[in-house]
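Chemist: Before anything else, here's the structure in question.
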Amino acid sequence: MAAAVLTDRAQVSVTFDDVAVTFTKEEWGQLDLAQRTLYQEVMLENCGLLVSLGCPVPKAELICHLEHGQEPWTRKEDLSQDTCPGDKGKPKTTEPTTCEPALSEGISLQGQVTQGNSVDSQLGQAEDQDGLSEMQEGHFRPGIDPQEKSPGKMSPECDGLGTADGVCSRIGQEQVSPGDRVRSHNSCESGKDPMIQEEENNFKCSECGKVFNKKHLLAGHEKIHSGVKPYECTECGKTFIKSTHLLQHHMIHTGERPYECMECGKAFNRKSYLTQHQRIHSGEKPYKCNECGKAFTHRSNFVLHNRRHTGEKSFVCTECGQVFRHRPGFLRHYVVHSGENPYECLECGKVFKHRSYLMWHQQTHTGEKPYECSECGKVFLESAALIHHYVIHTGEKPFECLECGKAFNHRSYLKRHQRIHTGEKPFVCSECGKAFTHCSTFILHKRAHTGEKPFECKECGKAFSNRKDLIRHFSIHTGEKPYECVECGKAFTRMSGLTRHKRIHSGEKPYECVECGKSFCWSTNLIRHAIIHTGEKPYKCSECGKAFSRSSSLTQHQRMHTGKNPISVTDVGRPFTSGQTSVTLRELLLGKDFLNVTTEANILPEETSSSASDQPYQRETPQVSSL
């Protein structure tokens, strides 16, 4: 009884016109997308509350328009037409009916609906307030079958459930004239659930064919094609298609991070980022590849992985036609054509194509190396460098060459190695036309043309074109020899020197001549040997035109023209010094009588405590004449 009194009082005190807001076509056109969406949500919510209280809702056409995402204003010539798609072709009546199911006193929270009074006999039993809210969200309470909610009260032609917004799409009243004549929606002859009917009212994009079930969603999507970005950030001027994107972006300026991980305390400015981060702790990988079974934490990584199986490369460079699987790779490549270097270092003025390169460069000024290896304590500027380094400790080499079986610890190393088999040399010098297999070699070669030597020694000021050369040179100042042979204890300043030295102990000769099968320990020896077969003599004397197969042979030959010999002696058995008569080491070892040195002493001291075995160059003393 109390509920009935409350309902009667609500019907008297509140009407739909009291809470409704209407716009003309011109006023509606001045609203932006966010304001229109807010208006639709508020109007539908108010209507739902009035229906739950049993109040009549006469503006059926307005509500139906809002349900389908359409404009709330109507043309006069449309007032005589049917409001809902299911009513086409039906005769109009003037029987006043309302969509105002009253609250039943016996409704159970578990979904058991007891029979009660109903204003409209064809709409049947009403839902409780919780049930209406669930309908507004587009779903029903668990355990309740939509067909079982009001048994015996529904017309077989209309289930009366309403649309996803919780308002019956067959509201039953439509204003057709100033005299407030209405027609009745007594039944829906379509025989379909209005939820299904709403899905069939699809709005299709004329540009790409994408389909939406709401008109305002289509309007938002069309901005992608038109390029309209009406929402502008007041801080940096960046524009966005959606207001939600602007709100998310604004947190970058405010520094706000409201979503905090309960496990590690890390905070994020978006809830989706927190959800993705929490999968690290839970180990959840919901995205699984059907081809190889590999699972991923993030959907974006899963999509990129799938392109490896399909071979899809979605991003095509309009300048050179090169295609890329990933958008970041495409953007990095495109800067090569534009020549743009928008990121400048405030310390030294150096400019970079990419922001990440600038960030890495800035760490050279600060000396910061935030990534530390847990095994050996070595620190790195970049996380990628740490990952590359860590494979040294694990010894893992998962990338194997199918041609020769050689394995590598990084995919990039395998790709570079495979060019040896294919003979591919994609990097061509525009100056001389020389081609290279590796990009790093190509960059070093270009410095030969430009004369650039960006790596300078802080000790002596000597500059180098290659960073590795600087590292090798610096060991001269430090005297450090970190690479020690475990067999004999000999130490080396370079890793390559130790590797070559180890071949002496192992007897390994990996460099084999394809002509005669002779093997060598070092690649340089193989190169020298190969000249024997080719007959090539690239080193030519500029004086007489004689050619040699080795540079050392040319150097020796040129001394005949200059008259200079590299070794100077005061006397045999004493250290060599400059400024005295010079002889070649070859002649000295052969024991040729050539010496013509100004000295008062014999070439070999007469008094010596050394044995003959300690004097490898001792021989009969020649007569020395004065100059």
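Every residue gets a Cβ built from N, Cα and C, even glycine.
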Chemist: Quick one: which of Lys229, Lys397, Lys425 has SUMO2 cross-link in Swiss-Prot?
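Modeler: Among Lys229, Lys397, Lys425, the residue Swiss-Prot annotates as SUMO2 cross-link is Lys425.
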Chemist: Here are some residues: Ser80, Ser226, Ser282, Ser578. Which is flagged as phosphoserine in Swiss-Prot?
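Modeler: Of the listed residues, Swiss-Prot records phosphoserine for Ser80.
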Chemist: Going by what Swiss-Prot says, which of Tyr231, Tyr259, Tyr343 is noted as phosphotyrosine?
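Modeler: Among Tyr231, Tyr259, Tyr343, the residue Swiss-Prot annotates as phosphotyrosine is Tyr343.
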Chemist: With Swiss-Prot as the source, identify the stretch among 36-58, 427-449 annotated zinc finger.
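Modeler: Residues 427-449 are the ones Swiss-Prot records as zinc finger.
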Chemist: So which of Tyr357, Tyr483, Tyr511 shows up as phosphotyrosine in Swiss-Prot?
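Modeler: According to Swiss-Prot, the phosphotyrosine annotation belongs to Tyr511.
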Chemist: Measure the Cβ-based neighbour count of Lys425 (SUMO2 cross-link), defined as the other Cβ atoms within 10 Å of its Cβ.
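Modeler: The answer is 14 other Cβ atoms.
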Chemist: Take every residue in the zinc finger (203-225), average their pLDDT values, and give the whole-number result.
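Modeler: Mean pLDDT for the zinc finger (203-225): 83.
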Chemist: Same chain only, please: residues at least 6 beyond the ends of the zinc finger (399-421) with a C-beta under 8 Å from a C-beta of the stretch. Say none if there are none.
Modeler: 388, 391-392, 437-438
Chemist: Per DSSP, how many helix, strand and coil residues does the zinc finger (539-561) have?
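Modeler: Grouping H, G, I as helix and E, B as strand yields 11 helix, 4 strand, 8 coil.
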Chemist: So what's near the zinc finger (315-337) in sequence-distant terms, Cβ-Cβ under 8 Å and 6+ beyond its ends?
Modeler: 304, 307-308, 353-354
